[in-house]
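Below: the structure, in structure tokens.
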Amino acid sequence: MNIHEYQAKEILRKYGVPTSTGVVVTKTESINAAIDELNTKVYVVKAQIHAGGRGKAGGVKVVKSKEEAKKVAHDMFGINLVTHQTGPQGQKVNRLYIESGCDILKEYYFSVVFDRSASCITFIASTEGGVDIEEVAEKTPEKIIKFSVDPATGLQNFHAQGIAYELGFKDHQVKQMKEIVKATYKAFIETDAAQIEINPLIVNKEGNLLALDAKFTFDDNGLFKHPEIMALRDQDEEDPLETRAADAGLSYVKMDGSIGCMVNGAGLAMATMDIIKLYGATPANFLDVGGGADRERVKEALKIILSDKEVKGILVNIFGGIMRCDIIAEGIIAAAKDIGIKVPLVVRLAGTNVEKGKEILSNSGLEIIPAHDLADAASKIVEAI
């Protein structure tokens, strides 16, 4: 789960990380009063969306008068902001964060992530802040600094000190950076975060460190322990189909293709999407119904797939272990009768009660295209659309 910048900064401040502050606007009628309350020389108007690249897309504006700040804020509120992370459809701006501007002497990048490949928490930092870290990693990888934390020992003083020295800090800035590293690590652990990113982390004209922008991504599996974090969720920033799927206990991610996929197991789902690409088409979604799905969940999964108007065909690929193939077959038939499936439907079943499942489908009277293996299924659905 992601949260907005202003929410991320509020959490960081609770842990002792110095951040820039401002006022949040959630409706146009509040804009003028918010700017009057701020009453500063330089205003920074920021669109609050769950996507990066706001600055380049016009979602961050710096102005030097109250009147101009009000105009910029009114113009920005409610627009559809398109960045390299939103895709061409963009994201509607329903919230603004308006801050006082500050003089920047130097910008840095700092983040803490869970590195799955190394099975540990890793700090990533760079002297090249204020830009996409992916761009820095691609063009000048030598400017990326990484420190991994052994989960058996946790964060040690040498980690924090090493980061401070590698970034070139001196004197009181070393102490400030060490405190930021320790505070961010504590926030990461205690909130069950998957990533905390501060970009940029700046040195202001007084020579002090300040988080100018912040991003949190939380591990969804840990959210049940944090109702206070769940309360920060903004469903307007989420795909409605993904939200609907999550409420039904389904793992669904919308994509840009035309072939809907319903699979049990994340690995099999990835393999199914790969083979669809291999046969020349593009998947419309990732959808894992899970091992314990019942007839109603299968029916809901197909309804969600068909809610995507770009779907021109559906491939169901089920390996029955805990999941029984006859239950899948009954769910498919129930969905077809309930909502009507007007696009080609290819079904590949294997495993527990597979023959019973195939019999149920063949006796249903529905136009279902059977497939005996994954390659056959991919070939048939691509040909059918």
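We count from 1, first residue shown onward.
Backbone N, Cα and C atoms are what each Cβ position is placed from, and that goes for glycine too.
Residues G321, I322, M323 are recorded by Swiss-Prot as substrate binders, and the candidate that the same record lists for that site, out of N221, N264, N363, is N264. The number of other CB atoms found within 10 A of the CB of K46 (ATP binding site), across every protein chain shown, is 24. Between the CA atoms of M323 (substrate binding site) and C102 (ATP binding site) there is a gap of 58 Å.
Neighbour counts of Cβ atoms within 10 Å were compared across the binding-site residues E99, E107; the minimum falls on E107.
Comment: substrate site residues N264, G321, I322, M323; largest CA to CA distance 10 Å, whole number.
Each of the binding-site residues C102, I322, M323 was scored by how many other Cβ atoms lie within 10 Å of its Cβ, and the smallest score goes to I322. Sparsest Cβ environment among the binding-site residues G53, G321 (other Cβ atoms counted within 10 Å): G321. Note: D213 (Mg(2+) binding site) has non-local neighbours E5, I198, N199, P200, i.e. same-chain residues 6+ apart with C-beta under 8 A of its own C-beta.
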